[in-house]
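Visitor: For reference, the structure I am asking about is given below.
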Amino acid sequence: MTGERLIPLATVGAYFLLTLALAVVLRRQNDTIREYFVSGFKGTWWLVGAGAFMSSFSAFNFTGVAGIAYQAGWSVMIVLGANTLAFLLNAAVLAPWFRQLRAISAAQIVRQRFDATTHQVFAWLLVLTQTIFAAIQLYGLAIFSAAVFGYPTEAVVIVVGLIVVAYALTGGQWAVLATDFIQGLVLLGMTVLLAILCLVEVGGPLRLFELIREGGLATDYQVFDSGERFGGQFTLIWAAAMLIKSVTAFNSMTQAPRYFAVKTGADARKAALLTAGLTALGSILWVIPPITARLLYPEAVEAMAIAKPGEASYAVASTMLLPPMLGGLMVVAVFSATMSSMDTGLNRNAAVFTADIYPALCRFLGRPPGSEAGQLRLARAMTLLMGIVVVATAHRMASGSGGGVFQLGLTLSTMLGIPLTIPLLLNMFVHTSPVWAGLFAGGAALVPAVLGALSGTAFLSEIGQAMPFGGVVLQERWSFQAQVLASTSAGVGAYMFSTLAWPRATAAYRAQTDAFFKRMTTPVDFAREIGVDKDGMQYRVLGIASAVVGGGIVALLLLAGTWNWKVGLALLLVGGVPGLLGIVLLLAAGRAGGGAGGIGKPLMAKRRGI
């Protein structure tokens, strides 16, 4: 094996070992399911915020988003800007509410708000959709890695999948947060470096705009399109649909676990602001390399052996401009984008099964749910099982015989997205909704979602031809905006219509609803409800890990034996910043007290179960 292949593989291998080491170190923090799933409500806002940011995207940002930027330029800011606005809404209102609901799974919140039937339906749907999303993301990463980096597709699925399962299983939410933080350091350092190198290569920001005009791309690269190009994408109505999709996706109860691990509602707001800020920064950084590739390296991009060559534009720009010894770190950055989403999904799925589905099964069978230790063993077993299912599903997609599985998963995720999120967002704001409102609104939104997902297929076309008025609607393929707006309108309309039944709600359900909103708006008294923090442990463990990452990257660059201004900039941004941050965190650990074993300073008066 040549050095050109060995160094990137060694870099990726060292990164994998670091994630596993973090999981082993943090394993002893997990003595209850509350610690295992939500870090005992003791996560610092900066750690949870970094995790929320990393889990909000996948390798799609380096592939699909890059493809949009390569083709349509600044139009991609519609997608990324919508995500930023969604997280700002988190910070303004919802993030504190999510934490103050004092739950360890999204489905637990559904039970606080509605009845047992709604609870179980949404619990199973959450597990289904999160499993599908994780498998699709892992499969997408494998396809991209095979085309761009030359890695075997099935090997990527198995290796990356099992590494994620191993550290999520071993260290629980503590390991998920810690690895997401380290992944974020590497990813941000690499993306900042590449964006700067791109701007230098084209001659600066002003020259970038000049090259766009000179290349005849000014019309294609404007933010909003008239609808004459790109198949109706990037129009104002398309942008409105994208904003609706992002706001509902990132603000419904399905995403509440992003903020469960922080100590208080105020910390949840800080975490959401950090997430919004990092998303806004990423929105700028991710756009520059694909546009640079379009301007400077179009032949190299178009030569890529994938269905949409533009989706390799980010990788092409990195290959052309990064110092050669950093190729492995770019692989790490792309891998980490998917790993951070997958590990979060595994933890959330295991939480739903352990805290929601399993207790319901126990009640049905008339047996107790078991001891705390037994539930913790179940939590680990479910993390392992969910991980195996995700890896097996992605492997089948990648094996060549699972094309139908991939398409089915993509169709299901599209159909279930809005019907799942619309009622789980509205119930946070609408007090006077009956106990069946969630299922009613979800079912109403599902009808146009199914029609939209299947529109244009032979099955619906035949039905449409037999209908006097619905033929055209069913025979033609619905646009993205038509699917989103139809499903959203049906869901919102049904939910608001259900409020007419509020006067007939039982006294017990009215009391439950009042208790839900009171709980949601009552600030967390950390000293009374939780008692002891683990700030010192987090500063120390992440400080050491950051210093190790920074030192390792500096060593990699120095040992390469090549020196130029690009290497110097990489030393500063990719190696120096993590190393310096590690030192700062270690100094903070000394002030906070506590050790890597998790002994924090006492804040408690009395522990109270949540």
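Note: Cβ is positioned from N, Cα and C throughout, glycine not excepted.
No curator has checked TrEMBL annotations; they are predicted automatically.
According to TrEMBL, the record shows the following:
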TRANSMEM  6-26  transmembrane segment
TRANSMEM  46-70  transmembrane segment
TRANSMEM  76-98  transmembrane segment
TRANSMEM  121-149  transmembrane segment
TRANSMEM  184-204  transmembrane segment
TRANSMEM  230-250  transmembrane segment
TRANSMEM  271-292  transmembrane segment
TRANSMEM  312-335  transmembrane segment
TRANSMEM  404-426  transmembrane segment
TRANSMEM  438-460  transmembrane segment
TRANSMEM  541-563  transmembrane segment
TRANSMEM  569-589  transmembrane segment
Visitor: Please report, as numbers and ranges, the same-chain residues at least 6 past the borders of the transmembrane segment (541-563) whose CB is under 8 Å from any CB of it.
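Guide: That would be 7, 11, 14, 18, 22, 25-26, 47, 178, 181-182, 185-186, 323-326, 329, 570-571, 574-586, 588-589, 596.
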Visitor: Would you kindly list the residues that approach the transmembrane segment (6-26) from elsewhere in its chain, counting only those six or more residues past its ends and only Cβ-Cβ distances under 8 Å?
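Guide: For the transmembrane segment (6-26), the list is 149, 159, 163, 166-172, 174-175, 178-179, 182, 186, 325, 327-329, 331-332, 335-336, 339, 541, 545, 548-549, 552, 556, 596.
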Visitor: Can you say which of 76-98, 121-149, 184-204, 438-460 has the most Cβ pairs under 8 Å with the transmembrane segment (569-589)?
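Guide: So the stretch in question is 184-204.
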Visitor: Determine which recorded stretch among 46-70, 76-98, 230-250 has the most C-beta pairs below 8 angstroms with the transmembrane segment (271-292).
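Guide: That would be 46-70.
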